[in-house]
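*Asks:* The structure follows.
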Amino acid sequence: MYGSARSVGKVEPSSQSPGRSPRLPRSPRLGHRRTNSTGGSSGSSVGGGSGKTLSMENIQSLNAAYATSGPMYLSDHENVGSETPKSTMTLGRSGGRLPYGVRMTAMGSSPNIASSGVASDTIAFGEHHLPPVSMASTVPHSLRQARDNTIMDLQTQLKEVLRENDLLRKDVEVKESKLSSSMNSIKTFWSPELKKERALRKDEASKITIWKEQYRVVQEENQHMQMTIQALQDELRIQRDLNQLFQQDSSSRTGEPCVAELTEENFQRLHAEHERQAKELFLLRKTLEEMELRIETQKQTLNARDESIKKLLEMLQSKGLSAKATEEDHERTRRLAEAEMHVHHLESLLEQKEKENSMLREEMHRRFENAPDSAKTKALQTVIEMKDSKISSMERGLRDLEEEIQMLKSNGALSTEEREEEMKQMEVYRSHSKFMKNKVEQLKEELSSKEAQWEELKKKAAGLQAEIGQVKQELSRKDTELLALQTKLETLTNQFSDSKQHIEVLKESLTAKEQRAAILQTEVDALRLRLEEKETMLNKKTKQIQDMAEEKGTQAGEIHDLKDMLDVKERKVNVLQKKIENLQEQLRDKEKQMSSLKERVKSLQADTTNTDTALTTLEEALAEKERTIERLKEQRDRDEREKQEEIDNYKKDLKDLKEKVSLLQGDLSEKEASLLDLKEHASSLASSGLKKDSRLKTLEIALEQKKEECLKMESQLKKAHEAALEARASPEMSDRIQHLEREITRYKDESSKAQAEVDRLLEILKEVENEKNDKDKKIAELERQVKDQNKKVANLKHKEQVEKKKSAQMLEEARRREDNLNDSSQQLQDSLRKKDDRIEELEEALRESVQITAEREMVLAQEESARTNAEKQVEELLMAMEKVKQELESMKAKLSSTQQSLAEKETHLTNLRAERRKHLEEVLEMKQEALLAAISEKDANIALLELSSSKKKTQEEVAALKREKDRLVQQLKQQTQNRMKLMADNYEDDHFKSSHSNQTNHKPSPDQIIQPLLELDQNRSKLKLYIGHLTTLCHDRDPLILRGLTPPASYNLDDDQAAWENELQKMTRGQLQDELEKGERDNAELQEFANAILQQIADHCPDILEQVVNALEESS
């Protein structure tokens, strides 16, 4: 205080020796004990025996300085450069960090209220900084300007409120310093004015409480303003996200990276684009219908041509000629040509053989005319008979070939096996013809060699002439048959050429049909692609609808928050008005106090002349005090030396503890060695029994007990360390203790490792099941080791208890020494207090008179400044009120605009949902119509095939068509179920809308509940109508379809609509909620019943699904 030189910056401990110790209590009475001769604040301090006296002006200035700012010790500013957490505001000394270049001034001397004065320019926004505004590219200019304006207004309001806080804090601290400095003097020397001072003090205390409340209210307002700023930032962020969404949407459609603003033009553009897409979808649907009609007509023409092909090619028995069919046709024609060539070859062979036969017969006729009958003639006759038999076999082969040709023409193609058989027959015929030629040559040679004998055989050949005539007749008949066969072959070749031409014509027509079908298929694929694109567009629209709904919810929440903010700001305006009234009353009270203080200052100026004589006595008393302080310092040095000796003793104790820890580590190493022995024993073991398992369990229990004892030992060691830490204060001892703790943790790790190995060994021991005797011996050895370890643990416990007792004794001795030191220091302090009291009794009169005069002058100046400050505050509060009113009006305008935009978005949402439903219903209708057309086409094909003549293949085709028809019927059933689901989803969406509208309002009114009830009733009537259509269809077709299905109770109820609506108007909100739940249950039951009827229809008679679809259209 008097030695600290009133400086906060550089504080040197060397300049503290003549000054006051920081440990001494702060007293306002010792505010001007030691100072320099010039009244400065830093410089050379006056020594104990300087003998200089201070003038009255210096004393008054010193007292004024000490009264305004209070004493500042070195202990108060030892942590000037230390780091403190951000935004911690306490009602004590300021400990916050300030940026470079900002002065920090202490604003009061009270130990309870202090603050740091920060320049208003350094006050930042939120966490002492504003985020950089980097949304210029995404945020529109109007929104950016509005945001900047609001942020600037809020910053100015924050600065004004903080300035008010600083001024109020200064007033509070000044008042407290005045009260604390003037109360003691009034008690002793100014008894007539004691009552007045007490009244003033009470007034000041009440004003201080009022100011504190005002300060708290201003803090709350600051917090609320920060909350509003954050809300506005969130709103700006949401607006930016909306703009980015619209920008992305517009860039994906047009390819131009333009910035989309949320305006009515964007909504109109979106709506126009949506209408254009709907028109395109309608045109696409029309073209799809036209293409489907064209496809159906093409299918009918194709079916007609197929039927004609079937009629023309019944021999081929195939519906259509694909690429494989054309190849088969080529093979068939090739086989027919080969068969014709084979027939021509056989005919030529027959002609040659007939010529040879005729030649032979003529020769035989000539030679047998005169030849006698002998055995040779008989041989010749047998040869001729053999030739006749061969000719007949060849004729049979010809007939077989003709039959094969007819089979080829009827069946269309010869199989590979038949072809191989034909080749074999051809080879047989060729070999036979060669054999015959060889025989004829041999006969010629025999005839030439035996010409002499022919004459003898002529007589015998006369009898054979008749037979030869018969052979001739047979040969003529065979010639006629050959001519007939040739004519048949020519007709067959002509028919084959005609069929070839017809097949080529049919092929050309089929290729044309295939080309047209390919074109139609490409068109259908293109239409499907366009349908998929439209479905993706619909999905995008649904996503946009969901986003709009989310935006609607967020904007509704923002509207609610804005309403709350409006209410809060209105409350703030009321509070500010009350503040202004209170400040005006305070100004009046301050003016009255100023007048009374001026009168008292005039009366006190006469008492300032008697202060010079008391200064000399004060200086002598101060010199005596300095001597006593030096004695106390010497005693403190002695106490420190004694404490150092105690610390050395503790170090020795720590060494002993280290030795004990090393002993414990040796025990651990022994345990590890025993564990290694256990491992070796476990590897040598091979079997184990139940007795060994029980002994192992006992060993585990013993190990757990050891663990618990180790943990107890560690806890005891920790307690001993904590006791030693309490007794020690040097850094070396703390380092050694930390080293011991690390060793203890290492010991724990080693014990945990040992425990893990023990567990692994136990598992190995459980697997071993042989060699019981060896294991018993080793278990006994382990038990002995456990007993030894238990003994060691007990010894360690005993040693630890002895060490604990020693440490407790040492702590008690240290406490006794500290108590003795405290007693001696207390005695010295008592003697010092007595001397101080004596000195103070001499000083009181002079000091208090000087203080009172100086204080009165300062009070006058401060009251004037407080009055001007209060006037400024009143003006600033009025300006703030006007700004708050303007903000209220702007927020109201924003509310109205946001509500309008919300209404527009809701209408847009409902339109988009209705269009989506319509598109989905149209798509489902188109699919159902296409399926019905396909089913009818399959039915027509089945009827045509059943009317055809061939049986086997037509039955297979009918079965295939029926399978396709069943598949189409299943698809139709699936589509009807999808349509029913769509109706149910539409109903649920409507119900969700109504429930969501009810949820947005916190407590829905009865009128809001009646509307969804009426919608539920309409849906119920539609479901009843639909179920009625289905039941009539089932009764008309087959009543057994509805066997086992019972309609719900709600289906048979027929209520009067008008009476029911009148009853709804009379019901309360709870009754309406119950009625709503009942209606939902009834609709769910009716929906389930309708689904069950549809399932029965699909199972029993799927052919009436078309009538079901018509019933759906009527009900919808």
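Keep in mind that glycine also has a Cβ here, set from the backbone N, Cα and C atoms.
Features from Swiss-Prot:
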COILED    144-988  coiled coil
COILED    1060-1100  coiled coil
COMPBIAS  13-28  compositional bias 'Low complexity'
COMPBIAS  40-51  compositional bias 'Gly residues'
COMPBIAS  590-602  compositional bias 'Basic and acidic residues'
DOMAIN    1046-1108  domain 'FIP-RBD'
MOD_RES   LYS10  N6-acetyllysine
MOD_RES   SER17  phosphoserine
MOD_RES   SER21  phosphoserine
MOD_RES   SER37  phosphoserine
MOD_RES   THR38  phosphothreonine
MOD_RES   SER55  phosphoserine
MOD_RES   SER75  phosphoserine
MOD_RES   SER94  phosphoserine
MOD_RES   SER1005  phosphoserine
MOD_RES   THR1046  phosphothreonine
REGION    1-54  region 'Disordered'
REGION    590-609  region 'Disordered'
REGION    814-836  region 'Disordered'
*Asks:* Could you count the residues of the compositional bias 'Basic and acidic residues' (590-602) that DSSP puts in helix, in strand and in coil?
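*Replies:* Tallying H, G and I as helix, E and B as strand, the rest coil: 13 helix, 0 strand, 0 coil.
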*Asks:* Could you tell me the mean pLDDT over the coiled coil (144-988), as a whole number?
*Replies:* 72
*Asks:* When DSSP states are grouped into helix, strand and coil, how many residues of the domain 'FIP-RBD' (1046-1108) land in each?
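*Replies:* Across the domain 'FIP-RBD' (1046-1108), the residues distribute as 52 helix, 0 strand, 11 coil.
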*Asks:* Just how many other Cβ atoms lie inside 10 Å of the Cβ on THR1046 (phosphothreonine)?
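*Replies:* Its Cβ shell of radius 10 Å holds 9 other Cβ atoms.
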